[in-house]
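Per TrEMBL, transmembrane segment is recorded for 12-34, 55-76, 88-107, 119-140, 160-178, 185-207, 234-252, 272-298, 304-323.
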Amino acid sequence: VEFFLTAGPLAGLVNMAVATIIWSIVLAVCFEFARMGRCYEYRSFVKGLLGRWWISYEVLYLIGLILVVSVMGSASGEIFLEMFEAPALVGIVMMMGLVGLIVFFGTKLIEKVLSFWSFLLYGAFLIMFGAAFTMFYDTIGNSFDMQPIGSNWALGGIKYAAYNIGLAPAILFCVRHIETRREAYISGLTAGVIAMIPALLMFLAMLSQYPDIISASVPVNLILDKIGWSNFKFLFQIVLFGTFIETGVGLIHGFNERVVAVYPKLTNQWRLAIGILILTISIFVANAVGLVGLIAQGYGALTWGYWVLFVIPVLTLGVRAILKNE
């Protein structure tokens, strides 16, 4: 809502296109840079990219890691509060406990979990969009006539792209299978497009309630309530909960891979201990600040930090390194 829908239906789609282009180009360069240097965890990747300034990104990464996991935990608490009327802390602890358990078993299980849950996520979004489009297709179409004058046509996409792509080095363990430059480019370009599909489906579904949805406290719940399928709403919340777990697992495992690069004999018990430490800090942050406060206080500054310390270096220093290696 904040990055796309507030700009209006047409401008929102343009902002999405801007974000998708940035994602695709940055990921393509990242995958090739990682393949060239065999940098499959973020420490070696940013050292190769930023040289002696790599520690600046590490500080930003850790802040982003704590913030994102805290947001995921807080959102999980909100889901449990709404679904089961249980204390939000129950949802936070359950989400983070499952993250720690999956992290304990390492890369192979994590890759399977990420792949499997992604299919569930895309399926849930497709069903929601299909239902919203079938019931409200006239409203969705008419919403494009309500484009505000003087809207932001690119800034939302620029900001959204950076704060979502800034932690991309955390998932470099997934690109070990890439063997050629062509595979790296195709994988990166495709990943950028695929990653935007859920946001696009959500955006189009939200247009069925535009402009009232802009002021909704939980926009997705407004859509699900309008659709009126109580069982699907329950299942959709479960899928979202699993997606929060998936996000936390990817980021914490990315940090563990960075530690393993320095201490290759790190056991699974140490992986779990590191995960628990990060999760414990995140629980306190999530419980103390709350979901809205976390987003309002943290994401703005992080966005521009990612542009300065990651996106711009990838598009300049990363591209130059690739061209030199041709």
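Note that the numbers count up from 1, one per residue, in the order the chain is shown.
The backbone N, Cα and C atoms fix where each Cβ goes, and this holds for glycine too.
Same-chain neighbours of the transmembrane segment (234-252): 65, 68-69, 72-73, 75-76, 79, 82-83, 91, 95-96, 98-99, 102-103, 110, 113-114, 117-118, 120-121, 124, 128, 167, 170-171, 220, 224, 274-275, 278-279, counting only residues six or more beyond its ends whose CB sits under 8 Å from a CB of the stretch. Taking every recorded stretch in 12-34, 55-76, 88-107, 119-140 and counting its Cβ pairs under 8 Å to the transmembrane segment (185-207), the highest total belongs to 12-34.
Across the candidate stretches 12-34, 88-107, 119-140, 160-178, 304-323, the maximum count of CB pairs under 8 A to the transmembrane segment (55-76) is reached by 88-107. Sequence-distant residue pairs (6 or more apart) of the transmembrane segment (304-323) and the transmembrane segment (12-34) include at least 3 whose Cβ atoms are under 8 Å, placing the two stretches in contact. Same-chain neighbours of the transmembrane segment (160-178): 3-4, 15, 18-19, 22-23, 26-27, 30-31, 34-35, 39-42, 45-46, 60-61, 64-65, 68, 107, 111, 114, 184, 187, 195, 250-251, 253-255, 257, 299, 302-307, 310-311, counting only residues six or more beyond its ends whose CB sits under 8 Å from a CB of the stretch.
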